[in-house]
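Undergrad: Below, the features straight out of TrEMBL:
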- 51-180: domain 'DUF7789' (DOMAIN)
- 191-325: domain 'DUF7789' (DOMAIN)
- 65-87: transmembrane segment (TRANSMEM)
- 99-118: transmembrane segment (TRANSMEM)
- 130-148: transmembrane segment (TRANSMEM)
- 160-180: transmembrane segment (TRANSMEM)
- 200-226: transmembrane segment (TRANSMEM)
- 238-258: transmembrane segment (TRANSMEM)
- 265-282: transmembrane segment (TRANSMEM)
- 302-325: transmembrane segment (TRANSMEM)
Amino acid sequence: MEVDITNLRMDQAAANGSGSASGSRDSIDSSDTYSKYGITNIPKTTVVTPIGQTKTFAGLSAKEWVFLIFTTVNILTAIGLTVYRLVKLVEDGESGTPDFTFIILLLLNSGFCLFYACHGVLRERVYEMYALMAAVLVVMVYCIVEYILNNDSRTTLKLIRLVLICVLAPPNILLAWSVAKHFGYLQFRIVGASEYLQYLYNQASLFSCLLKFDVQVTASIVVLVLRNGTKVKLMEEIILGVGIPYALGWNILGWFVLRKELSKGAIAFAIFGLAKPTYYIYKIVTEYMDIHESIKELGDTIVYSTIAAALLAIFVWIVLMVELYKVYKNFGKGLKERAYDVLATERTSLITGRRIRR
């Protein structure tokens, strides 16, 4: 069916003259205006949610679909093998062994990998894709080291898991990097063409990603505090009881500080955050002082993993505090209004950055 271009342009001119600067774009987004010309409904590529603009599945490219499917299958396969091993340990009465702790650790990190993959693609979060690549690499290294060092606990299932992750992890990492390299469409939709606003948005995205990665590292340390499975000492029970809610509350505070640009909240976030590196340093010192006894009791893999996780947590905390300072300095410069306060009934000018209500 041919479209009457003259009438189409007249409709656009009428829409522009109706008093709304975003009229022509709204008419393009909605197929109702052009239905009489035979233009069918066009699927929405983005949608406004309580957490911000998000790409829909209709807005994903072919490469992004391949990445999501490939990553999801890989992670679910790893989870399936790990759950099978977990059931075997419980059936054999070995739920109090270090192997049980590492299985929980693998399940935890697999869950975070799945979140990074889905959320990273739908929200076009480059740093979350980097976090996914790092998490996959860490899991692969762990599986290799654990299989080499623990001669007594080698099983056919562990060998299958090792082969699968060594074969599938490298292409998964390369695919994630390739997908992340082409992000930018959603950022343009949110903050427009202003390079300065894009810089502010990237800083906020990095801070948001670090909050999630901090939760992942903290949760991993809590799991490692289990030490030898379900046998938990009194001090470790206190850490599990207090540390988990404290860490979650601290990260939720950081999320609100970012979105609401709370200056006093940022100061409180930094002060309350000092408890985390204090505990990490304490954990490293105690592990090092009792390292020979701990290795004899639990094996060197779990002991060195605890120290490595604590060191990683300190590094993440330092970077998070640096980003907090940068984000704090960016408060009041327009990002909050553009990225976080946009309602579903609003449209923004991609070039000028002005917000226009319908």
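Glycine is no exception: its Cβ is also placed from the backbone N, Cα and C atoms.
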Undergrad: Do the transmembrane segment (160-180) and the transmembrane segment (130-148) come close, with at least three CB pairs under 8 A (pairs 6 or more apart in sequence)?
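TA: Between the transmembrane segment (160-180) and the transmembrane segment (130-148), contact is present.
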Undergrad: Checking distant contacts: for the transmembrane segment (238-258), what same-chain residues at least six beyond its ends satisfy Cβ-Cβ under 8 A?
TA: 204, 207-208, 211-212, 214-215, 218-219, 222, 225, 232, 265-266, 268-269, 272-273, 275-276, 279, 320, 324, 327
Undergrad: Per DSSP, how many helix, strand and coil residues does the domain 'DUF7789' (51-180) have?
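TA: Tallied per class, the domain 'DUF7789' (51-180) gives 107 helix, 4 strand, 19 coil.
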Undergrad: Which sequence positions outside the transmembrane segment (65-87), separated from its termini by at least 6 residues, show Cβ-Cβ distances below 8 Å to it?
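TA: Distant Cβ neighbours of the transmembrane segment (65-87) are 100, 103-104, 106-107, 110-111, 113-114, 117-118, 121, 132, 139, 155, 157-158, 160-161, 164-165, 168-169, 171-172, 175-176, 178-179.
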Undergrad: Do any residues, 6 or more residues outside the transmembrane segment (302-325), come within under 8 Å Cβ-to-Cβ of it, and if so which ones?
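TA: That would be 98, 101-102, 142, 203, 206-207, 210-211, 213-214, 217-218, 220-221, 224-225, 227, 254, 257, 266, 269-270, 273, 276-277, 280-281, 283-284, 287-288, 291, 294-295.
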Undergrad: Can you check how the pLDDT averages out over the domain 'DUF7789' (51-180)?
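TA: Across the residues of the domain 'DUF7789' (51-180) the model's pLDDT averages 87 on the 0 to 100 scale.
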Undergrad: Sort the residues of the domain 'DUF7789' (191-325) into helix, strand and coil with DSSP and give the three counts.
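TA: The counts are 118 helix, 2 strand, 15 coil.
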